[in-house]
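Features as listed in TrEMBL:
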REGION    1-27  region 'Disordered'
BINDING   Cys14, Cys28, Cys31, Cys37  [4Fe-4S] cluster binding site
BINDING   Gly67, Lys68, Gly69, Gly70, Val71, Gly72, Lys73, Ser74  ATP binding site
Amino acid sequence: MENGEIPENAPELCPGPQSETAGKSDSCEGCPNQEICATAPKGPDPDLVAIVERMATVKHKILVLSGKGGVGKSTFSAQLAFALAARDFEVGLLDIDICGPSIPKMLGLEGREIRRSNCGWIPVYVESNLGVISIGFTIPNPDEAVIWRGPRKTGLIKQFLRDVDWGELDFLVVDAPPGTSDEHISIVQFLQATGIDGAVIVTTPQQVSLIDVRKEVSFCKKVGVEVLGVVENMSGLSQPLSEFKFTRTTETGEQKDMTEWAMSYMRENAPEMLNLIACTEVFDTSGGGAAKMCNDMGVPFLGKVPLDPQLCKAAEEGRSCFSDDKCQASAPALKMIIEKMLAQKNISTENGA
C-alpha cells in the first residue's frame, strides 16, 4: 500500500488507506488490511500533489471508455485527437491500455521512443500540436506481452501523469482499456483533484456489448465522472457501392467473382448508382441499440458511426480520416459527434477552448 494506494484485495467499497475512516468503516469488516489501515499514518500522497501541479496546464481532460474490447474505442480516441488537433487545439493523447496499446499504430508512430529532458518525459509528436504517450513506446519487441499486476499498472499511470512534460494543453484525451479495472480506478483517483470534464463511452449496437456498457455507465456514476455521451460504433456497414465486390454462388457452392460484370452493367445502365453509399446492418439492433440504453440510463447519446472500411484502413495506416475524402461514410458522422460532445461542455469548436 505504498503512497496510499488501494490494495488489490480490498473490498469493493474500500474508503482508501488515507481516509479518516480507513479500517473503521462498515465496508472494512473482514478486510485483511483492516488493522494496517486503522493504524497507518494518514496524509496526502505527495505524488498526487505533483500530478495536480503537472495537470494545471491542461484545460480539458476527456476519458474514452468501453465496456468491452474490440468496439473501436482506440480508433475513436485517435480520430478525436486528430480532429481536435486539426482545429489548432494543443492536444495530448495518453494511452493507458497497458496490455494492449494500439495508439502508436493508429497514429503512425510505431518504432518511436519516448525521450527525456530536465522537465520530464517528452511526448512523441504526430504534429507540433499533437503529442502522444503510450507504454507501446517503451516495449522493444511489439510482440512481447505485458504481464503486470495491478500495483505496477497503477505505478506506470501515476508516472505518466506526474512525469510527462505535456506543456500547455487544451485537451488531454485518455484512451483507457476496456472494462472497469485497476487502470480506470487509478486514472480517476489521480485526475479527480485536477478536474475531469467527463467520459465518452464507445459501444457497438448489439446487447452483448451494451450489457457491459451499462456497467461502464454505472462505474462513472459511482466515481463521480460525468458521462459526456455514448457513441454507437460499427452501426451498420456503410460503403460506396463502387467499392463493393460482387460474387455469385455456383451450383457447386463456390463463390464466383462477378464484380467486373456488375460494375460494367451499372456504368452502362444505371451510372448514377455508382455514386450511392450502400448500407446494411451487421449486428442485431432489435434491442434498440445504444440510443435506447442511453434513454433508459439517463445519459446523452452522441450518435452513430458506421462500420466503414476506409476508416479501418485509415487506422491501420496511422492517419486521420478527416485529411481526405476517402472516409465518406464515417468522417461526417465522427465530426458531428465530436461537435456535439464539445457543445455539451460549452467548448468552442474553434481554438480558444
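The backbone N, Cα and C atoms fix where each Cβ goes, glycine too.
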By Cα-Cα distance, the member of binding-site residues Cys14, Cys28, Cys31, Cys37 nearest Gly69 (ATP binding site): Cys14
Other CB atoms within 10 A, centred on Gly67 (ATP binding site): 23
Beyond the site residues Gly67, Lys68, Gly69, Gly70, Val71, Gly72, Lys73, Ser74: chain residues whose C-beta lies within 8 Å of the centroid, for ATP: Ser66, Pro178, Val202, Thr203, Thr204, Ser209, Asn233
Rounded to the nearest Å - Cα separation of Cys37 ([4Fe-4S] cluster binding site) and Gly67 (ATP binding site): 32
Using Cα positions only, nearest of the binding-site residues to Val71 (ATP binding site) (Cys14, Cys28, Cys31): Cys14
For Gly70 (ATP binding site): intrachain residues, at least 6 apart, with Cβ closer than 8 Å: Pro178
Closest of Cys14, Cys28, Cys31 to Gly72 (ATP binding site), Cα positions, binding-site residues only: Cys14
Fewest-neighbour residue among binding-site residues, criterion Cβ within 10 Å, set Cys14, Val71, Ser74: Cys14
Spatial neighbour of Lys73 (ATP binding site) that is closest, considering only the binding-site residues Cys14, Cys28, Cys31 and their CA atoms: Cys14
Neighbour tally for Cys28 ([4Fe-4S] cluster binding site), based on other Cβ positions within 10 Å of its Cβ: 21
For the binding-site residues Lys68, Lys73, the one whose C-beta sees the most other C-beta atoms within 10 angstroms: Lys73
For Cys37 ([4Fe-4S] cluster binding site), the number of other Cβ atoms found within 10 Å of its own Cβ: 25
